[in-house]
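**Q** Here it is, the structure, as structure tokens.
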């Protein structure tokens with residue numbers, strides 16, 4: 001009887017259990033077939049069933065069924081930054097969120113990609129500026145070379161003359177002594193203008209102080225003018241009696257003294273008067289030491305004409 005009651009209780013517990021697992025179901029007297037044979041017998045069977053339930057609880061408790069664990073999805077490969085992503089609605093919402101998060105994480109390299117063209121543009125601009133600076137330096141060097149090679153317009157550069165040319169020019173020149181210190185080349189040219197065409201007037205100056213030395217040289221267009229100008233020897237010029245004699249040529253390597261004045265190095269102020277018949281000589285020596293006058297125009301240059 002006890003075994004039958006325990007089996008009936010187990011079957012009733014399995015069939016009549018509610019929503020909660022392991023819920024006990026008490027036997028009602030007379031409900032079962034075997035227990036309904038009699039009231040006394042049924043009550044006794046019920047009591048024996050309770051005792052069996054209390055003595056053997058392990059048989060009445062049902063073990064809860066284990067819930068199935070969700071299967072983990074394999075990791076999906078990430079698409080490269082430039083590859084087109086899946087369209088809207090093609091994937092699950094979870095996948096879309098993951099893609100959005102990955103896009104946010106991978107957005108930082110995109111900013112660097114945007115900065116790269118700007119950096120390249122800055123580098124290109126710096127290279128252009130360096131090239132322009134190099135071109136400017138080259139132009140400046142070319143201008144300096146041209147200025148050193150050719151004299152500026154308006155100034156007479158030194159012309160190297162041969163000994164024959166110097167002697168020929170000296171044969172058409174005269175020496176004028178006792179010249180007033182305030183005299184100008186234009187005044188001397190006007191004083192000797194009647195003797196012939198004057199190519200150049202040179203007033204010698206001291207190379208340290210720059211003051212006139214008191215004598216000058218006048219170059220004519222031809223030798224005939226030299227002979228005519230000798231007639232003005234001991235004539236008055238600015239209230240002083242001047243001395244007029246033919247000019248002598250300095251020969252290289254020979255130290256000469258002309259009328260008590262050393263003729264080695266000195267500064268000069270020169271005025272050149274060009275005519276259709278005359279030939280212009282910028283100087284007798286190559287070293288510039290003086291102020292040169294071309295015609296009536298006045299320019300500055302340094303050279304030693306005699």
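Quick reminder: no glycine exception, Cβ is built from N, Cα and C everywhere.
From Swiss-Prot, here are the annotated features:
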type	residues	note
COILED	115-151	coiled coil
COMPBIAS	30-47	compositional bias 'Gly residues'
COMPBIAS	51-72	compositional bias 'Acidic residues'
COMPBIAS	77-87	compositional bias 'Pro residues'
DOMAIN	172-249	domain 'RRM'
MOD_RES	2	N-acetylalanine
MOD_RES	17	omega-N-methylarginine
MOD_RES	19	phosphoserine
MOD_RES	52	phosphoserine
MOD_RES	150	phosphoserine
MOD_RES	235	phosphoserine
MOD_RES	238	omega-N-methylarginine
MOD_RES	259	omega-N-methylarginine
MOD_RES	263	omega-N-methylarginine
REGION	1-115	region 'Disordered'
REGION	2-145	region 'Interaction with SKIP'
REGION	119-147	region 'Stimulates PAPOLA'
REGION	155-306	region 'Necessary for homooligomerization'
REGION	286-306	region 'Interaction with PAPOLA'
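Looking at the shown structure, can you explain where the listed features end up?
**A** Summarised as a single figure, the pLDDT of the coiled coil (115-151) averages 86.
Broken down with DSSP, the domain 'RRM' (172-249) shows 20 helix, 30 strand, 28 coil.
Residue 235 (phosphoserine) is surrounded by 13 other CB atoms, counting those within 10 A of its CB over all protein chains shown.
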**Q** Near residue 238 (omega-N-methylarginine), which residues of its own chain have a C-beta under 8 A away, given they sit six or more steps off in sequence?
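**A** Within the chain, residue 238 (omega-N-methylarginine) has Cβ neighbours under 8 Å at 180, 182, 183, 187.
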**Q** Just give the helix, strand and coil counts over the region 'Stimulates PAPOLA' (119-147), going by DSSP.
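**A** Summed over the region 'Stimulates PAPOLA' (119-147), the classes give 29 helix, 0 strand, 0 coil.
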